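Here is the structure we will look at.
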Amino acid sequence: MWCTWALGRVVLAVVFLVALAAGDAAPPKVHRNHGKFTAGPWKQAHATFYGGRDGSGTLDGACGYKDTSKEGYGVQTVAVSTPLFGAGAGCGACYEVKCVDSPDGCKVGAAPLVVTATNLCPPNPGQSNDNGGWCNPPREHFDLSMPAFLQIAQEKAGIVPISYRRVPCVKVGGIRYTITGNPYFNLVMVSNVGGAGDVAGLSVKGNKRVKWTPLKRNWGQEWQTSEVLTGESLTFRVMTGDHRKATSWHVLPPDWQFGVTYQATKNFN
């Protein structure tokens, strides 16, 4: 009887040690992109246009992007009104828009267009909401880049009624990160984000001293931290507006440089 009890103790100890060893050998937990961002309901609004026929005058703006043509957004972009901009939280969101109910303004047979929010259409309190103050709150308005507008509407129309909805952002390649500033004040630009497209949270971790550190939104999609990040391989964790997370492990090498864009291998769906 004693032998049976002792043998049981030995077996349990062995099982415990094996489990402990397996736990030590297990890889670190990775935040994965579970599921996909799904399109939202159709809503009604109006659209105007700004910039030149080649997209000039629309390549930067209130979201902090420096050149949308090089950051994964092209010229299929839109400056949205304050309710959609959300103090920068709406930057990077993708919308499907189509011209409706304007036989003289809509382009016949035009397919719906997908654009990315990259700028703010500021309010014009000196004009009424239905006569020049198109972007005055609480209006949800789309000031499209001229190349985008001309795909669905006639230039002479100036303003057209549209139907729109949020859709998944389909991007080529992984999420991109660009750090500017100096060792004691880092501004991190996050771009080329798929899925929901917008960024609601960002954290960084180094491979040496820097533990997981949340960044604060500076403006648009520029995120700031005073943590000294130089000399370490950096991992970023992005949370989009639908609360999905993706971790870009060691996307910046230990000798990363300010002003250089680094691209992860993965993105949101």
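Here, residue 1 is simply the first one shown, and the rest follow in order.
From the backbone N, Cα and C atoms, a Cβ is placed for every residue, glycine too.
The signal peptide annotation in Swiss-Prot covers 1-25, and the record cites sequence analysis as its basis.
For the domain 'Expansin-like EG45' (60-174), the DSSP-based tally of helix, strand and coil residues reads 17 helix, 37 strand, 61 coil. Annotation comment: Swiss-Prot describes 60-174 as domain 'Expansin-like EG45', evidence class sequence analysis.
The domain 'Expansin-like CBD' feature in Swiss-Prot is assigned to 184-264; the stated evidence is sequence analysis. Model confidence over the domain 'Expansin-like CBD' (184-264) is summarised by a mean pLDDT of 98.
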